[in-house]
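One structure, as structure tokens, below. Some questions next.
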Amino acid sequence: MTLTAQELNTLSVKATDAKSTAYCPYSKFRVGACILTQKGEFITGANVENVSYPVGTCAERVAFGTAIVGGYKDFKALAVATDISPGASPCGMCRQFMREFTTPSFPVYMYGGDGNYVLKTMGELLPDSFGPEDLPKED
Ligand code: THU
């Protein structure tokens, strides 16, 4: 479950680089995200805003949506990078979205503009969560 130093380094570089792909003309708040899969693949995302403000999408949901439609599964870690320090943590909607594809021990690295990070697990970010396994099984 633990990341190697090299995996964490690549994850942070890719999440930080992904900030440059953000479309955020309204907030000017750039967010980059990068997912590492258990196989060692990296999938990035960034926030994509909209003139109708609530329609905009966060970097985390862009990254996970991209990963899912790309056929990736079995995710190992996520890094989110912003320009503020300390870094931002995922919004409530993103936490539930990410919960669909992660376990409570899944690590989320939140990078600030100063390059430092705060590490929390999905279970810490979204305790007592409602997940796919909570729906009754169909027979
Ligand atoms: N945002 C993200 O993409 N991820 C976060 O974790 C926090 C907020 C975006 C949404 C919006 O485009 C901008 O940051 C300001 O809220």
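Glycine residues also receive a Cβ, built from the backbone N, Cα and C atoms like all the rest.
All TrEMBL annotations are machine predictions without curation.
Residues or ranges marked as domain 'CMP/dCMP-type deaminase' by TrEMBL: 6-133. According to TrEMBL, the feature substrate binding site maps to Asn47, Val48, Glu49, Asn50, Val51, Ser52, Tyr53. The feature Zn(2+) binding site is assigned by TrEMBL to Cys58, Cys91, Cys94. For Glu60, the entry in TrEMBL reads active site, proton donor.
Walk me through the surroundings of each of these features.
The Cβ neighbour count for Asn50 (substrate binding site), using a 10 Å radius and every protein chain shown, is 12.
Of all the Cβ atoms in the protein chains shown, 12 others lie within 10 Å of the Cβ of Cys91 (Zn(2+) binding site).
Counting Cβ atoms from all protein chains shown, Glu60 (active site, proton donor) has 25 others lying within 10 Å of its own Cβ. The DSSP secondary structure for Glu60 (active site, proton donor) is helix.
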When you measure from the Cβ of Val51 (substrate binding site), which residues in the chain that are at least 6 apart have a Cβ under 8 Å away?
Tyr26
Starting from the Cβ centroid of Cys58, Cys91, Cys94, the recorded Zn(2+) site, name every other residue in that chain with its Cβ within 8 Å, sequence order please.
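Apart from Cys58, Cys91, Cys94, the close residues are Ala59, Glu60, Arg61, Pro90, Gly92, Met93, Arg95, Phe97.
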Taking only same-chain residues 6+ apart in sequence, whose CB is under 8 Å from that of Asn47 (substrate binding site), what do you get?
Ala22, Tyr23, Cys24, Phe29, Arg30, Val31, Gly56, Thr57, Cys58, Ala59, Val62
